[in-house]
Amino acid sequence: MWLKPEEVLLKNALKLWLMERSNDYFVLQRRRGYGEEGGGGLTGLLVGTLDSVLDSTAKVAPFRILHQTPDSQVYLSIACGANREEITKHWDWLEQNIMKTLSVFDSNEDITNFVQGKIRGLIAEEGKHCFAKEDDPEKFREALLKFEKCFGLPEKEKLVTYYSCSYWKGRVPCQGWLYLSTNFLSFYSFLLGSEIKLIISWDEVSKLEKTSNVILTESIHVCSQGENHYFSMFLHINQTYLLMEQLANYAIRRLFDKETFDNDPVLYNPLQITKRGLENRAHSEQFNAFFRLPKGESLKEVHECFLWVPFSHFNTHGKMCISENYICFASQDGNQCSVIIPLREVLAIDKTNDSSKSVIISIKGKTAFRFHEVKDFEQLVAKLRLRCGAASTQYHDISTELAISSESTEPSDNFEVQSLTSQRECSKTVNTEALMTVFHPQNLETLNSKMLKEKMKEQSWKILFAECGRGVSMFRTKKTRDLVVRGIPETLRGELWMLFSGAVNDMATNPDYYTEVVEQSLGTCNLATEEIERDLRRSLPEHPAFQSDTGISALRRVLTAYAYRNPKIGYCQAMNILTSVLLLYAKEEEAFWLLVAVCERMLPDYFNRRIIGALVDQAVFEELIRDHLPQLTEHMTDMTFFSSVSLSWFLTLFISVLPIESAVNVVDCFFYDGIKAILQLGLAILDYNLDKLLTCKDDAEAVTALNRFFDNVTNKDSPLPSNVQQGSNVSDEKTSHTRVDITDLIRESNEKYGNIRYEDIHSMRCRNRLYVIQTLEETTKQNVLRVVSQDVKLSLQELDELYVIFKKELFLSCYWCLGCPVLKHHDPSLPYLEQYQIDCQQFRALYHLLSPWAHSANKDSLALWTFRLLDENSDCLINFKEFSSAIDIMYNGSFTEKLKLLFKLHIPPAYTEVKSKDASKGDELSKEELLYFSQLHVSKPANEKEAESAKHSPEKGKGKIDIQAYLSQWQDELFKKEENIKDLPRMNQSQFIQFSKTLYNLFHEDPEEESLYQAIAVVTSLLLRMEEVGRKLHSPTSSAKGFSGTVCGSGGPSEEKTGSHLEKDPCSFREEPQWSFAFEQILASLLNEPALVRFFEKPIDVKAKLENARISQLRSRTKM
């Protein structure tokens, strides 16, 4: 590798380097201790340790080339190499391309300048594409060289970054280097002859956290496959931890959670991931989440500055954050002040000429924001003016529409109940009013106490709007939060939900989108629409709005449109309940965008098939309970109770457990504070019921106590009519219990748990996501093992180890082949057995690792035939059940079962003639040849193929599962178990010849090799004579004489001699009658030979084989 020219003092360097070659201008040196017998003794040992500790390139590149000039002790290092061949190439290139040119220069300075320029040019050309995005390309090139030489990971494994740290091996810290790449965490250390190499793939990490104890002040704890690893002594531990967390989550999502990963094109190509890119992505995600911006926004600049707050008459210190389409500000001095300015709202951007370095941003509505002490404010103003010019024509202005619509209380004339025959016409009509406005218009003439309180709330908000502004760019302060906690007025609820959730921005950037999606989704029929239709009448059935076709049609349109927009989610139960509440207070199009905000940004991964997001937040909730309510965790040792109880809280934002008039106040807080509000309220509810819960003897009693509490939560200020309020319908029995006002409960949750920061929740979400997905994977494994264990003799522990190896091989092959198609077949929604399937290439690797017959010379052919036998539905993939059935027979099968397996491998559909194109490789098959032969299948009629495909995968290609098809498949599998040996087809002569060759290969190097050879020769001779006698009645000539003589005369033939005879024989039989054997004939003949019976019934230690396979699975591919 060419190096950036750096000065080296040769006088000191000679103690550590030995001269190999030299000329007038260059010196080739070798590191002391490298390439010497015994490693160079003590000197070599110390040099090696020094190189490792100081991160010297010489550890992995013990050769180097220096540029020298006469009469100077200062030399320049220009190249290094990992081995003699690599450095020799560089030396030869210098002699052929540089040496002749140097003689024309007059001065040594000109020579040095020319060499430096030439080497820098080579480095620039070499790293033009690879290292341009790194902070220090030169150091990164050196680290990459060490990473590649030390670990031998795949060529396309992308090194993201590296850190100096200590790895704790027991109680001893080992100083070394931690390398973080897209798929692996790797560590290398070399101290006084002791070398430590550690490779952990991210898919194995179940726990990643920062810890501290008496010995380690701060360390990073990594748990992988039950083993704990601790790394400490980082220079920037928070930065390191953040990157490790991102890489682990990225790998987990790519391999286990493809539902969300496929929607994330930024991370789809592992080769594009860089340290800087990951850091920028993390900052952008936090920025978007905090300000509720669309997912596509990325943080471009951050400036510390002061913002003038006009209604309070002071400057608040904070950070101005700028993305492509937004300018945002968040205070950092405890004032809880934030501002979001969409560039589409900006009219002018000016700067002041005084020393205040001020930027003034004027927006629609005669509002201006003044930012002081902005660094590089002149450049910033120029950039923002350019962006505003580009942004002004892209958006549809809806902020004024929101304000105007919220003041309108008159019902629309468009809402009439339609008959079933005109339902399609009704579906086309998009509601332009919130359902609450239509079904519960406020009557200003009959003002009761509740209506007066509602009017006072509205007046409070109008005062706030006068001070802080109204619309997207309003100041959001502590006063805003206080008003939200008290409950948003009915008339303003839809508008403020849109603002606080950020849905107003989505709607502005996508004008007419909803109308188009409604039209496109109209009339579609799939699993999602069927489920939607089933749940429409279950959505707030007690509310008049959803007892009429007006509300039902609106709900149908919103849910169907969203399922059409996001087919990865489609429709999930609980979405109907949430959407019903949104439609009560927001227009139909606004309700759609609120649903988008909830499902795609505020509650990510909540509404996919495995509700991973909800499970993650449950784990976060459990962690918060341990921290804030320790006495509860001590009493209820099984934390799964909280998970089961809280699931509906998170999925429906408490709507399913609280009366509707109280639940909407919770939704108010959710749209303002996000998931933080739900977690705080959950803690407050448990805290309020703490004494009751501590006296509960079991989970059922605890659930009853909580349900009774929820029934008694009220909203005394709710203006909803009594026929709509659910809290007013409680029975007399329940009224004896203390009532709790929702406003008081929310206020208490803010006072007690308001110090929980969003950053902490984000960190806990990332940390627990690993645990949740690995737990789901463990559940999948246990279900697979439970099904498979019924059909095999392997113990559960052996099956467990076999499954780990099976799955590991799948992932390793994906790491070594980035475009591996097998990952595309992984679908967590499929039945457990179908989630992980391997192709022929991966099966061959596992066969070589695990099969007791893998020593055979034709092991590739055996692996291929076994794969073809197991691949009954001809999709070139096999699952774990099929794989384990073959392994089980090889290890635990009886003599008859093993022989039957070998027999079936040598007849169709498993058997196909195999011959490598490269004669020098013998029976070894290339990847392409293996793929080709695995796809050669016995031809079947088209209709039979379709029937087979449907039979083996009844759930594929259909909207819903076909129960009849599953029952038919189950019945077929029962028949398969009762398969009679008499049903097996006969084996023809070419297949029998290959069968005989396979047996000879299996017996090779066995302790009883000679007796086995003699026994198989006797059996073969006997079979051929039997066939000859049987055919004499039909043919006067003996077609098998030549073959019989060959085998009988061989006695104990060598493998090579046997192979040559067997290959020649088929040619001599081509024009003669074909002979064949039944399985019973072969079985009876082999049973007569004790040596053969002993060979196949010899016990094999499957545990040792599995242990060895687990260890060597990664080592065989790397330099471990």
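Placement of Cβ uses the backbone N, Cα and C atoms for every residue, glycine included.
Residues annotated as compositional bias 'Basic and acidic residues' in Swiss-Prot: 1054-1066.
Look at Swiss-Prot and you will find 145-212 tagged as domain 'GRAM 1', backed by sequence analysis. Broken down with DSSP, the domain 'GRAM 1' (145-212) shows 10 helix, 44 strand, 14 coil.
Feature annotation from Swiss-Prot assigns domain 'GRAM 2' to 285-353; the stated evidence is sequence analysis.
The domain 'Rab-GAP TBC' annotation in Swiss-Prot covers 487-674, and the record cites sequence analysis as its basis.
Summarising the annotation, Swiss-Prot assigns domain 'EF-hand' to 858-893 and lists sequence analysis as the type of evidence. When averaged over the domain 'EF-hand' (858-893), pLDDT in the model lands at 93.
For 1035-1066, the entry in Swiss-Prot reads region 'Disordered'.
Among the features that Swiss-Prot reports, site 'Arginine finger' is placed at Arg534, with the record citing similarity to another entry. The secondary structure of Arg534 (site 'Arginine finger'), as reduced to three states from DSSP, is helical.
Positions annotated as site 'Glutamine finger' by Swiss-Prot: Gln573. Neighbours of Gln573 (site 'Glutamine finger'), defined as other CB atoms within 10 A of its CB across all chains, total 14.
With respect to their backbone Cα atoms, Arg534 (site 'Arginine finger') and Gln573 (site 'Glutamine finger') stand 10 Å from each other.
Under the DSSP three-state reduction, Gln573 (site 'Glutamine finger') is assigned to coil, being neither helix nor strand.
Here the domain 'GRAM 2' (285-353) is broken down by DSSP into helix, strand and coil counts: 10 helix, 35 strand, 24 coil. Secondary structure of the domain 'EF-hand' (858-893) per DSSP (helix as H, G, I; strand as E, B; remaining residues coil): 25 helix, 2 strand, 9 coil.
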